[in-house]
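Asks: Relevant sequence annotations retrieved from Swiss-Prot are reproduced here:
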- 108-131, 216-239: NADP(+) binding site (BINDING)
- Gly181, Gly183: K(+) binding site (BINDING)
- Cys186: active site, thioimidate intermediate (ACT_SITE)
Amino acid sequence: MRIEEDLKLGFKDVLIRPKRSTLKSRSDVELERQFTFKHSGQSWSGVPIIAANMDTVGTFSMASALASFDILTAVHKHYSVEEWQAFINNSSADVLKHVMVSTGTSDADFEKTKQILDLNPALNFVCIDVANGYSEHFVQFVAKAREAWPTKTICAGNVVTGEMCEELILSGADIVKVGIGPGSVCTTRVKTGVGYPQLSAVIECADAAHGLGGMIVSDGGCTTPGDVAKAFGGGADFVMLGGMLAGHEESGGRIIEENGEKFMLFYGMSSESAMKRHVGGVAEYRAAEGKTVKLPLRGPVENTARDILGGLRSACTYVGASRLKELTKRTTFIRVQEQENRIFNNL
């Protein structure tokens, strides 16, 4: 046993220090990034935000809606090959280039993903997702996927420390997904005691990945557009959002009505709700590590997308970054004990 004494920080522990700027307007900020990925060699340009691969977020409808904002969607793994074919038949190449195909690590997952990728060459992203990216089996699966799909851009996770981030990149991942336990409907930290404050995880993993020519996506922990800005400021190349994009018309959750008001169910992918839906229930050897919440219906996702992108542009103007790429270079975090004046929050 050992104890690390240095303090680890989450998004709520810091603010971004403002700096002198020559920008005249938020409209002067360029949010689009251009990337060429280490292993696939693929080039991509767009806004580096990703809708999470949850079945109450990462839907085909979400992908179609967010593509118009140049935002990616990691489409959840529970669609059938036939459903994928129907989506592809009704989608433009511009939509498909903003889609990630999500997969688990079983043999069945691998075969199904292979069939999906064979449907259309415009599907260039694979998102290999497990709760615990520290297993040897997961590393071997990433290497297997890289060998099978040498020209596909592979995103793999989740991990929270530099050494494992490096291991996944060396095994074939172009992008490493960073985050254990910070999600709004994730209970891993309270069920297991395992986790890592998200901002510190992003900073550590970004440093490790960039040293090898890889990239990271900060997955989880964002509750506001300001948190998204902090993730980019900490060095994330991409930011993945779940809860912030849940509860919309495109989110895919089950709608219920109580006292004349409509709500949408949103749950973690290791929750009892998810396991009942997809595998028949919680196996007797494990515990559910997610929760289910009721969200008031929030309308179309385009309004939320505009709010997030507007907040990002504003953050860039506060530190003098004319491009999103410059945000991390212009970011100085200050540790704080308060984030906002909450006097009217309950009104």
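All positions are counted from 1 along the displayed chain.
Yeah, the Cβs are placed from backbone N, Cα and C, and that goes for glycine too.
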Asks: Please classify the secondary structure at Val126 (NADP(+) binding site) using three-state DSSP.
Replies: strand
Asks: Work out how many Å separate Lys114 (NADP(+) binding site) and the residue listed as 'active site, thioimidate intermediate' at their Cα atoms, rounded off.
Replies: 29
Asks: Any idea which of the recorded positions Cys186, Ile216 has the thinnest Cβ neighbourhood at 10 Å?
Replies: Cys186
Asks: Tell me, by DSSP, whether Gly181 (K(+) binding site) is helix, strand or coil?
Replies: coil
Asks: Can you give me the Cα-Cα distance between Cys222 (NADP(+) binding site) and Gly181 (K(+) binding site) in Å, rounded to a whole number?
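Replies: Rounded to the nearest whole number, the Cα-Cα distance is 12 Å.
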Asks: Could you state the CA-to-CA distance between Asn120 (NADP(+) binding site) and Gly183 (K(+) binding site) to the nearest Å?
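Replies: The separation of the Cα atoms works out to 32 Å.
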Asks: Spatially speaking, which of the recorded positions Gly181, Gly183, Cys186 is closest to Val228 (NADP(+) binding site)? Use C-alpha to C-alpha, please.
Replies: Gly183
Asks: A 10 Å Cβ contact count, applied to the binding-site residues Ala108, Cys222, Val228: which residue has the minimum?
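Replies: Comparing Cβ neighbour counts within 10 Å for the binding-site residues Ala108, Cys222, Val228 gives Ala108.
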